[in-house]
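Asker: Right, I'll just put the structure down here and ask away after.
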Amino acid sequence: MASAPTSKYNSHSLENESIKRTSRDGVNRDMGEAVPRLPGETPITDKEVIYICPFNGPIKGRVYITNYRLYLRSLETDSALILDVPLGVISRIEKMGGATSRGENSYGLDITCKDMRNLRFALKQEGHSRRDMFEILTRYAFPLAHSLPMFAFLNEEKFNVDGWTVYNPVEEYRRQGLPNHHWRITFINKCYELCDTYPALLVVPYRAADEDLRRVATFRSRNRIPVLSWIHPENKTVIVRCSQPLVGMSGKRNKDDEKYLDVIRETNRQVNKLTIYDARPNVNAVANKATGGGYESDDAYHNAELFFLDIHNIHVMRESLKKVKDIVYPNVEESHWLSSLESTHWLEHIKLVLTGAIQVADRVSSGKSSVVVHCSDGWDRTAQLTSLAMLMLDSFYRSIEGFEILVQKEWISFGHKFASRIGHGDKNHADADRSPIFLQFIDCVWQMSKQFPTAFEFNEHFLITILDHLYSCRFGTFLYNCESARERQKVTERTVSLWSLINSNKDKFKNPFYTKEINRVLYPVASMRHLELWVNYYIRWNPRIKQQQPNPVEQRYMELLALRDEYIKRLEELQLANSAKLSEPAAAPSSPSQMVSHVQTHF
């Protein structure tokens with residue numbers, strides 16, 4: 001697993017394509033030559049520091065700080081180290097050492113990042129150099145605490161495609177065959193009055209009037225009523241999402257809610273029962289009654305079956321990821337690796353999320369019943385389960401744009417609290433709302449892509465890019481907690497979409513082994529024997545861990561595909577040149593593609 005230490009590595013993995021083209025626009029000569037820069041990115045300061053590299057020891061370098069990034073370039077001849085860290089990735093900045101510190105490199109800054117790494121810089125004690133750097137970093141890494149805009153609102157990048165047009169809810173529901181005789185589109189939430197964390201457009205049962213929806217909303221946490229996420233194209237069973245019912249300790253009932261779930265069941269007359277998957281462990285769901293929540297009891301919901309999926313809450317997931325970081329950064333201890341990994345419970349949580357999604361997908365695919373999914377508020381575990389089940393059921397979501405639509409729909413528009421869970425621009429690193437729920441979802445997608453290497457149009461680089469920009473604040477895609485907040489901030493008008501970057505250069509993100517298949521349901525094996533730690537993400541900063549990218553098989557396959565394309569192009573050119581010489585055009589194939597069709601390749 002480990003390879004020989006090396007002092008020459010670049011720890012920057014974020015997209016840099018458009019940076020390189022604009023690296024010297026309007027920057028002073030020294031800084032412009034040293035630092036790549038985005039349009040709208042401005043230099044703030046630069047300082048000579050000692051970078052305490054956890055792999056190769058102290059490295060003398062110059063650190064440059066802009067309003068978007070911290071960039072370090074080594075000044076040592078035997079080290080080509082470059083650090084390129086978007087300030088949005090920074091979770092915490094601490095001063096190390098004091099005025100009396102005497103140890104070598106004991107005085108400086110300790111920076112904790114959200115992407116599984118820490119950075120330490122030693123500075124000179126004289127001249128307030130640490131204080132200046134600390135204040136500048138704090139100001140620009142946590143702009144919300146200093147009444148500054150996040151960089152996404154300053155970013156002036158231009159791309160040849162507009163990522164904000166990728167997701168149109170009406171078009172996506174139309175692709176699913178909606179509305180139909182049983183389901184309708186309602187604009188009851190167009191001003192976010194029914195539910196301020198739901199999207200403006202919702203799909204509900206045809207037989208449920210808007211007045212019914214308002215009454216149901218009073219009995220669901222945060223007014224997040226059951227609404228359709230996905231409908232099976234053949235058997236017409238559906239995946240519906242919502243939040244917990246407000247049952248409370250006294251076991252309150254709501255006839256409108258009970259009737260509404262029965263109406264959902266009756267949209268498909270072939271099924272007798274509605275299946276409700278509560279993502280929480282049973283004991284947690286019972287405990288939630290004490291705070292006014294709860295779950296659907298058998299005596300109130302006669303035609304429904306309830307199953308608990310035992311997925312733990314945001315606090316458990318946060319602590320689990322902290323333990324993962326402890327064992328992967330900076331050093332991986334080989335001798336106790338398996339027991340250390342097991343003690344984090346991270347893969348156990350991945351297994352439970354995948355197992356729950358498989359149950360949802362199987363219930364719908366088999367036509368046994370329609371499914372309602374909820375957790376407590378319906379924006380964390382619920383989003384994980386619905387989106388993963390839809391990924392298993394619908395091959396459209398396994399394409400690049402289909403996956404972007406899935407994320408826009410089930411996560412962004414349905415109110416996963418990205419701002420609270422990630423803490424964009426916020427200095428409160430200890431906030432109890434922080435949690436790696438979306439990271440966990442992407443990890444599950446990666447696990448599926450490992451088990452079905454030809455089923456996904458996108459590659460690992462695509463998933464890592466999404467996670468990098470989940471934190472970077474370069475794009476507006478993941479900012480704020482819900483659609484209503486994004487509309488108030490005019491995010492689509494004032495920021496660039498991450499999908500603009502990806503869709504303007506799709507080849508970088510394509511899986512060369514992808515084989516498009518329609519209506520194939522994927523059931524990953526969610527046992528601990530088949531799950532693995534995503535080394536290329538969690539341990540990518542360690543140069544001693546042999547990186548598995550680029551995959552030599554994938555590289556060779558792409559070379560062969562390029563060779564095939566070159567041969568086809570040359571064949572078409574020859575055919576066109578030949579047809580000009582032929583006196584009887586009928587003797588020649590009518591098109592280059594017809595001629596090419598006779599030439600079969602093995603790739």
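The backbone N, Cα and C atoms fix where each Cβ goes, and this holds for glycine too.
Automated prediction, rather than curation, is the source of TrEMBL annotations.
Pulled the feature table from TrEMBL, pasting it below:
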ACT_SITE  C375  active site, phosphocysteine intermediate
BINDING   N313, I314, C375, S376, D377, G378, W379, D380, R381  substrate binding site
COMPBIAS  1-13  compositional bias 'Polar residues'
COMPBIAS  14-32  compositional bias 'Basic and acidic residues'
COMPBIAS  594-603  compositional bias 'Polar residues'
DOMAIN    163-538  domain 'Myotubularin phosphatase'
DOMAIN    344-406  domain 'Tyrosine specific protein phosphatases'
REGION    1-39  region 'Disordered'
REGION    583-603  region 'Disordered'
Asker: Could you put numbers on the helix, strand and coil content of the domain 'Tyrosine specific protein phosphatases' (344-406), residue by residue per DSSP?
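Answerer: DSSP composition of the domain 'Tyrosine specific protein phosphatases' (344-406): 45 helix, 4 strand, 14 coil.
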Asker: What is the number of other Cβ atoms found within 10 Å of the Cβ of R381 (substrate binding site)?
Answerer: 29
Asker: Give me the non-local Cβ neighbours of N313 (substrate binding site): same chain, 6+ apart in sequence, Cβ-Cβ under 8 Å, ordered along the sequence.
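Answerer: The list for N313 (substrate binding site) reads R280, N284, S376, given in order along the sequence.
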Asker: Can you tell me how far the Cα of R381 (substrate binding site) sits from the Cα of the residue listed as 'active site, phosphocysteine intermediate', in Å?
Answerer: 6
Asker: For C375 (active site, phosphocysteine intermediate), which residues in the same chain are close in space, meaning a Cβ under 8 Å from its Cβ, but six or more apart along the sequence?
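Answerer: Once residues fewer than 6 apart are set aside, C375 (active site, phosphocysteine intermediate) is near S243, Q244, D278, A279, R280, I311, R381, T382.
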Asker: Across all the protein chains here, work out how many other Cβ atoms are within 10 Å of the Cβ of W379 (substrate binding site).
Answerer: 25
Asker: Which whole number is the mean pLDDT over the domain 'Tyrosine specific protein phosphatases' (344-406)?
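Answerer: Across the domain 'Tyrosine specific protein phosphatases' (344-406), the average pLDDT comes out at 98.
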Asker: With every protein chain in view, what's the tally of Cβ atoms within 10 Å of the Cβ of D377 (substrate binding site), excluding that atom itself?
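Answerer: A count of 19.
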Asker: Which chain neighbours of the substrate site, leaving out N313, I314, C375, S376, D377, G378, W379, D380, R381, have a Cβ atom within 8 Å of the mean position of the site's Cβ atoms?
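Answerer: Close Cβ neighbours, site residues excluded: A279, T382.
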Asker: Rounding to the nearest whole angstrom, report the longest C-alpha distance spanning N313, I314, C375, S376, D377, G378, W379, D380, R381, listed for substrate.
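Answerer: The widest Cα-Cα gap among those binding residues is 12 Å.
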